[in-house]
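Q: The structure follows.
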Amino acid sequence: MDKMPKWADVVLIPLISLILAAILSALVILGIGEDPVAAVNMMVSGALGSTYGWGYTLYYATNFMFTGLAVAVAFHARLFNIGGEGQAMLGGLGVAMICLYIPWPHWTMALLAACAASMLFGAVWAAIPAYLQARRGSHIVITTIMFNFIAAALLNYMLVNVMRPDGSMDPASERFPAAVHLPTLHELLAPIGISFSKAAPANVSLLVAVLACVVVWALIWRTRLGYEIRAYGHSESGALYAGISPFKITMVAMLISGALAGLMATNNVMGEAERLVLNSTEGAGFIGIAVALMGRSHPFGVFLAAILFGFLYQGGAELALWTNIPRELIVVIQALVILFTGALDNMVRMPLEKVFLALRKGKA
Amino acid sequence: MTVPAIELKGISKSFGPVQANKDISISVAPGTIHGIIGENGAGKSTLMSILYGFYKADKGEIWINGKKTEIPDSQAAIAAGIGMVFQHFKLVENFTVLENIILGAEDGGLLKPSLAKARRTLAELAAEYELNVDPDAVIEEIGVGMQQRVEILKALYRQAEILILDEPTGVLTPAEADQLFRILHRLKDEGKTIILITHKLREIMEATDTVSVMRRGEMTATVKTAETSPEHLAELMVGRKVLLRVDKVPAKPGKPILEIENLRVTDDKGVERVKGIDLTVRAGEIMGIAGVAGNGQSELLEVLGGMRPGSGAIRLNGAPLPLSGPGSDARARRAAHVAHVPEDRQREGLIMEFHAWENVAFGYHHDPAYQSGIFMNNAALRADTDRKIEKFDVRPADGWLAAKNFSGGNQQKIVVAREIERNPDLLLVGQPTRGVDIGAIEFIHKQIVALRDQGKAVLLVSVELEEIFGLADRIAVMFDGHIMGERLPDETDEKELGLLMAGVNGEAA
């Protein structure tokens, strides 16, 4: 017997967790002598009150969708991929090479090639820790974290020594040619009569992210590979019994995970910066973990959680810009949300299960 | 009338919506052995856990020696003179017998006086109850029968007057079990009160004075053992008449299906568990592997099922099957028409979080009938599941239920349905009825015999001798990775098999 109805598990628990995080955040804001109500207003209007705000929220959300999906796919195989950050950096390298070194006649072809390259680079970066886990038993959490640092160092080297234009002091690549410019939401929506902020960075790769959600959903719940990944994730001895190779699943799940994280580069590198800079990922790889946790590793949940975190990011930026609340406190608020929705899940779940059991007993 | 040693009055306990104990009352006279029998999930363990202070009853009273007693934790149970011997021993493997006995009952910060006192007491106990163990032996170096004696001594050392034994014979050979019952009788003669929890009718009949039957959380009857019969008790347990013996015609063995030559298997720790065995299973027969758990039977099944590499040679229908490398995994075995009902359905045979219909494809998820283009044909799979659920009478008949929400018996029916319905040439079966209720046991046994009667080969591994005798057409006994001998069920008995299971070879003795 399940202890709770499904809707409670999917909707109620995250909602209560969020409210708890909000209350605690409000107390913290009060503690530094600011007005929490005003802060919430500021966040909402800043992130959702204008198409400019929405444009940023969705831009961040796009990043988080990719990295959230990456973590979610690995989760289904009970692999904890903390390397989304590094895989996304490598994805950026792939995108930059595609955009800089090949002349593209049209952005659609460039986008397809960039998708392929970013997925390949991300997957390769995930493949090494995956192999070490599957063959040597090196713990994937440790190796993927270490690979984040290696990725950062590699990117640093590439930008400083290889891709930096002559005479430039900035460790960044050249600007991508105009032909590979991805249409922003402004450019996409203008022809159908909707006016969207010109300045906002949200772009066509949002559609790629949504498509990725659908593809991941089909992969996990509709294909044989997804079936094997989930079976392996639930029981390794069961997988062995059913003839599912643990090596194969570990490799494949991590390759897909790395490819999804790498795909993020189509948004932040190709869609927004239009050149490769240091730290272009801005921690999105780590936020992906929280997004996957909150979204219960379900693509639809990841979609919603990514938008929520996009809102927190953009709203937080507004808050830091317009109030005396320091930037660090925004990070605290985001951390509280992660803490409550991810780590403290059972704190909400267990009392709630008791409530539902009591309700059921009352009815029976 | 003497004052009962234990009296439970109207005990009720529920876990969420599940009522594990419903208004249970029993009274156990001092100096008797009282059996509690019931199927898995009938509530025996819950009741004993309440008596030992692990759970608190929702309602009801516990009276010990005529005094109402509260037992909030196991310390209180020990203080009230109750000792418990668990199914899975709670001993520290690398401690000596003596150290285990004083563990938790030390007299002070220094161990030496405690150990000396325990040594004296142990000698007295050994003399009084004929419970001989070497106090300086290390637990991991002594046999399970001896370990169990240490558990009993632990309870006696804490001055237990009432001893509860939970499924004590699960890991014992028949000879060890007989020895245990002699000890229990001796304890009884010295005035101790014993509660014996078991699902084995034979033990109840042999050892107890009175027996209480539990079914679905309720106490359905308490009878004097001398005035009842196994058939009657089984009926009380299940609630309907059951066939205790498996109905089957003599086997008509055909050509060899499975031939094993000099098979060796090493476990994950690098210990050799199967040490060069030869075995043949023919078409139309059930080969039963008897043995105490942990003598290589599990590894044998795993190798045959493609879950573990081995060395030596196996042939199926005359064609060699690889034992390591490509083509030796479980998928290849299934393709070669070897079906496998694994020993541990919860860890291996099923994915507990999956729906029943997803589990019906488990291991056979490559079957073209379940595919549709790049996707799985879930509709076809669900239709197939509904068919199997109906044919094997799985209850509740709901393919959308997760495997973990079925009872043990119905989980096993799902596994058996999946494997048998593949119409395999060879069926590997490990502990098919472990944790399965009597009603489902009967059904599962029938299915296995029916497969045999279709001319298929069956390799059955079971630690339940009753099951081996009931099903097998030939019996091989495994001990320490070797096959100690093969016998025909009609030409042997439990005593002889028991000796083989203990590693004593009949010819040599």
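Even glycines carry a Cβ here, placed using N, Cα and C.
These came from TrEMBL, pasted as-is:
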type     : residues  : note
TRANSMEM : A:12-33   : transmembrane segment
TRANSMEM : A:53-75   : transmembrane segment
TRANSMEM : A:87-104  : transmembrane segment
TRANSMEM : A:110-128 : transmembrane segment
TRANSMEM : A:140-160 : transmembrane segment
TRANSMEM : A:199-220 : transmembrane segment
TRANSMEM : A:240-264 : transmembrane segment
TRANSMEM : A:276-295 : transmembrane segment
TRANSMEM : A:302-323 : transmembrane segment
TRANSMEM : A:329-348 : transmembrane segment
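Can you walk me through where each of these features ends up in the structure?
A: Long-range contacts of the transmembrane segment (A:53-75) within the same chain, counting only residues at least 6 positions beyond its ends with a Cβ under 8 Å from a Cβ of the stretch, are 45-47, 81, 84-85, 87-88, 122, 184-186, 196-197, 199-203, 205-206, 209-210, 212-213, 216, 219-220, 229, 233, 253-254, 256-261, 263-264, 267-268, 271-272, 281-282, 284-285, 287-289, 291-293, 295, 297-299, 302-303, 305-307, 309-311, 313-315, 317-318.
Residues 70, 81, 83, 86-88, 90-95, 97-99, 102, 104, 143-144, 147, 151, 179-180, 182, 204-205, 208, 251, 254-266, 270 of the same chain sit 6 or more residues outside the transmembrane segment (A:110-128) yet have a Cβ under 8 Å from a Cβ within it.
Long-range contacts of the transmembrane segment (A:140-160) within the same chain: residues 79-83, 85-87, 89-90, 92-93, 125-126, 128-130, 132-133, 171-173, 254, 276-279, 285, each at least 6 residues beyond the stretch ends and with a Cβ under 8 Å from a Cβ of the stretch.
With a threshold of 8 Å between CB atoms, the same-chain residues lying at least 6 positions outside the transmembrane segment (A:199-220) that come near it are 51-59, 61-62, 65-66, 69, 72-73, 76, 111, 115, 182-186, 188, 226, 229-230, 256, 260, 263, 266-267, 270-272, 298-300, 302-303, 306.
Sequence-distant contacts of the transmembrane segment (A:276-295) (same chain, at least 6 residues past either end, Cβ-Cβ under 8 Å): 14, 17, 60, 63-72, 75, 82-89, 92-93, 95-96, 148, 152, 155-156, 159, 163, 170-173, 261, 264-265, 268-269, 301-306, 308-309, 337-338, 341-342, 345.
Counting residues 6+ beyond its ends, the transmembrane segment (A:329-348) has Cβ neighbours under 8 Å at 13-14, 16-18, 20-21, 24-25, 28-29, 32, 289-290, 293-294, 305, 308-309, 312-313, 316-317, 319-320 in the same chain.
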Q: At a C-beta cut-off of under 8 Å, are there same-chain residues at least 6 beyond the transmembrane segment (A:87-104) that contact it? List them, or none.
A: 66-67, 70, 81, 110, 113-114, 117-126, 147-148, 151-152, 154-155, 158, 163, 173-174, 176-177, 179-180, 257-258, 261-266, 268-270, 275-276, 280-281, 284-285
Q: Is the transmembrane segment (A:302-323) packed against any residues at least 6 beyond its ends, judged by a Cβ distance under 8 Å, and which are they?
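A: For the transmembrane segment (A:302-323), the sequence-distant neighbours (Cβ-Cβ under 8 Å, at least 6 residues beyond its ends) are 14, 18, 34, 38-39, 42-48, 53, 56-65, 68-69, 72, 209-210, 213, 287, 290-292, 294-295, 330-331, 333-334, 337, 341.
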Q: Cβ under 8 Å to the transmembrane segment (A:12-33), counting only same-chain residues 6 or more beyond its ends: which ones?
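A: Residues 39-40, 294, 305, 308, 325, 329, 332-333, 336-337, 339-341, 344-345, 348-349, 352.
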